[in-house]
Amino acid sequence: MLGKHTKLFFGVSLVALIVSVILAAWGFPKIVSKQIQKNIQIDNSSVMFEKWRKIPMPLTFNVYVFNVTNVEDVNNGAKPRLQQIGPYAYKEYRERTVLGYGDNDTVSYTLKKTFIFDQEASGLLSEDDEVTVIHFSYMAAILTVNDMMPSITGVVNGALEQFFTNLTDPFLRVKVKDLFFDGVYVNCAGNHSALGLVCGKLKADAPQTMRPAGDGNGFYFSMFSHMNRTESGPYEMIRGRENIKELGHIISYKGKSFMKNWGNDMYCGQLNGSDASIFPPIDENNVPEKLYTFEPEVCRSLYASLVGKSSIFNMSAYYYEISSDALASKSANPGNKCYCKKNWSANHDGCLIMGILNLMPCQDAPAIASLPHFYLASEELLEYFDGGISPDKEKHNTYIYLEPVTGVVLKGLRRLQFNIELRNIPMVPQLAKVPTGLFPLLWIEEGAELPDSIIQELRQSHTLLGYVEAVRWALLAIAIVATAISAIAVARSGLIPVWPRNANSVSFILSPHPNSDVNKVH
């Protein structure tokens, strides 16, 4: 009777061990993965959906302005001396409107951003502060004419003197709120013969920074009004229901699956990555070396490079940051050659130096982007200034902390600086003596950091996953112990063959009877 129970115990233990091994190696990971996918995919029933549709907390949007402190000296050929003023802090609210779902596991949506000035975070700074900055819109206009039709530069400049009020030099004295959102009024009601040409061009194809005035006689120039309370897109994004590894990937923008701003090159024109709000979980066995995001403001995808695994908010995370390769010159990174656009400037082939990006193909204006204070850019850019430019990795780099299990952004900062060339043009009185160089206007810092409530939710999820992991290995351990105990019991009861102690003979215990004969081999 005991032998029968022992054999049964052994059989059950062996089956339990096999089942436990399958569960530990495949079952539990599959169940957990499916549950995570169910929670984070873009679906009306998922936990993530509403947080994705309407971000539950505001992002930070900080603006730093480069105030010019020696205007008269610069007008006479001296190096510019700059003073950084900021941050002018804003709360940025984001809300998406779902337009529909595609058969290929996609969702189409528009994104609306709303900016509200945050006086507390801005400290003593006010939107009514007056600053002196490079006249971005004037320089954009005169550079475009000078590059495309240099012979009429002087004539067009005469029209611009009526278009822009008090145009005595290439600098703008302006209130911060007008520069950012409210707008600086420019006039189309003058009588200069070339003014109709300038305003006609704007009416037909105005850049994003110019919006028509209500009186019909002019425009308002501002850096960010086109982003405020207006819907961008539509975007088409993969929902992650069929393949969680593709979650968040942007496959089209404004109906285009390829950005032709950079020609027909597949590398520069492809849409790669997410909109930086959502990422797929990270496979710990195959951690991506680059994290791509699609940036509509520059009409291209950018990437941050993996630095390593880190810890933030007492949780493990993968840390990515912008590296020098992303904005490298074509000599340092030949892959960036397709971002050169020869047709926009008569002065060079469009291949800019290290650390800066030509925005002309994207914005139809000769603007140039960089990291703040020309961080990771060529040092020759710094030599143009008499002070006020001091690149610092901690203050000026772009980075992101990504939680691997869910792909949630724990913390991230995107930093970008807008620049334009200040060019010496002898035929233009306002530019006849100025030194030529790349001049910064301002830089932005857009950031997200999860609130405590969501961090607690993540920690609870991690705790639950820890319990599941403990159960997974506990069941396997119990099955191993039970199988070992039952195997020993079976062996001791004589139900399985054993090797005898006598090295010169082999015996087989065929039954549990103690008086069984032992056959000896001589």
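Quick reminder: no glycine exception, Cβ is built from N, Cα and C everywhere.
Among the features that Swiss-Prot reports, topological domain 'Cytoplasmic' is placed at 1-7 (among others), with the record citing sequence analysis.
Taken from Swiss-Prot, the feature transmembrane segment applies to 8-28 (among others), supported by sequence analysis.
The feature topological domain 'Extracellular' is assigned by Swiss-Prot to 29-469. For the topological domain 'Extracellular' (29-469), the mean pLDDT of the prediction comes to 88.
For Asn44 (N-linked glycosylation site), no same-chain residue that is 6 or more apart in sequence has a Cβ closer than 8 Å to its Cβ. Classification of Asn44 (N-linked glycosylation site) by DSSP places it in coil, neither helical nor stranded. Look at Swiss-Prot and you will find Asn44 (among others) tagged as N-linked glycosylation site.
Feature annotation from Swiss-Prot assigns N-linked glycosylation site to Asn67 (among others); the stated evidence is sequence analysis. With a cut-off of 8 Å between CB atoms and residues at least 6 apart in sequence, the same chain places Leu82, Gln83, Gln84, Ile85, Val131, Thr132, Val133 near Asn67 (N-linked glycosylation site), listed in sequence order.
Feature annotation from Swiss-Prot assigns N-linked glycosylation site to Asn104 (among others); the stated evidence is sequence analysis. Of all the Cβ atoms in the protein chains shown, 10 others lie within 10 Å of the Cβ of Asn104 (N-linked glycosylation site).
What Swiss-Prot lists as N-linked glycosylation site is Asn166 (among others), and the listing cites sequence analysis. The 10 Å shell around the Cβ of Asn166 (N-linked glycosylation site) contains 8 further Cβ atoms across the protein chains shown.
Sequence annotations record features per position, and here Swiss-Prot assigns N-linked glycosylation site to Asn191 (among others) based on sequence analysis. Using a 10 Å Cβ-Cβ cutoff, Asn191 (N-linked glycosylation site) registers 8 neighbours.
In the shown protein chains, 16 other C-beta atoms lie within 10 A of the C-beta of Asn228 (N-linked glycosylation site). Per Swiss-Prot, the feature N-linked glycosylation site maps to Asn228 (among others).
Cβ environment of Cys338 (disulfide bond): Trp262, Gly263, Asp265, Tyr267, Cys268, Gly269 lie under 8 Å away, each six or more residues apart in the same chain. Taken from Swiss-Prot, the feature disulfide bond applies to Cys268-Cys338 (among others).
The 10 Å shell around the Cβ of Asn272 (N-linked glycosylation site) contains 16 further Cβ atoms across the protein chains shown. Summarising the annotation, Swiss-Prot assigns N-linked glycosylation site to Asn272 (among others) and lists sequence analysis as the type of evidence.
Residues or ranges marked as disulfide bond by Swiss-Prot on the basis of similarity to another entry: Cys299-Cys362 (among others). Annotation for Cys362 (disulfide bond): same-chain Cβ neighbours under 8 Å, separated by at least 6 residues, are Asn261, Glu297, Val298, Cys299, Arg300.
Under the heading N-linked glycosylation site, Swiss-Prot lists Asn314 (among others), citing sequence analysis as support. Secondary structure at Asn314 (N-linked glycosylation site), taken from DSSP and collapsed to helix, strand or coil, is coil.
The annotation disulfide bond is assigned in Swiss-Prot to Cys340-Cys351 (among others) on the grounds of similarity to another entry. Long-range Cβ neighbours of Cys351 (disulfide bond) (same chain, at least 6 residues apart, Cβ-Cβ under 8 Å): Ser329, Lys330, Lys337, Tyr339, Cys340. A coil conformation is recorded for Cys351 (disulfide bond) in the three-state DSSP classification, outside any helix or strand.
Sequence annotations record features per position, and here Swiss-Prot assigns N-linked glycosylation site to Asn343 (among others) based on sequence analysis.
Residues or ranges marked as transmembrane segment by Swiss-Prot on the basis of sequence analysis: 470-490 (among others).
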Item checked: Euclidean distance between Cα atoms of Asn191 (N-linked glycosylation site) and Asn166 (N-linked glycosylation site), Å -> 16
Next item on the list: Output the one of Cys268, Cys299, Cys340 that, of all these disulfide-bonded residues, has the highest number of other Cβ atoms within 10 Å of its Cβ.
Entry: Cys268
Checklist line | Rounded Cα-Cα span from Asn104 (N-linked glycosylation site) to Asn272 (N-linked glycosylation site), Å | finding: 17
Margin query: Just to be sure I understand the packing, how many Cβ atoms besides its own are within 10 Å of the Cβ of Asn314 (N-linked glycosylation site)?
Written below: 8
Check: When the Cα-Cα distance from Asn104 (N-linked glycosylation site) is computed for each of the glycosylation sites Asn191, Asn228, Asn314, which gives the smallest value?
Finding: Asn228
Notebook entry, point to check: Rounded to an integer, what is the Cα-Cα distance in Å between Asn314 (N-linked glycosylation site) and Asn228 (N-linked glycosylation site)?
Noted result: 35
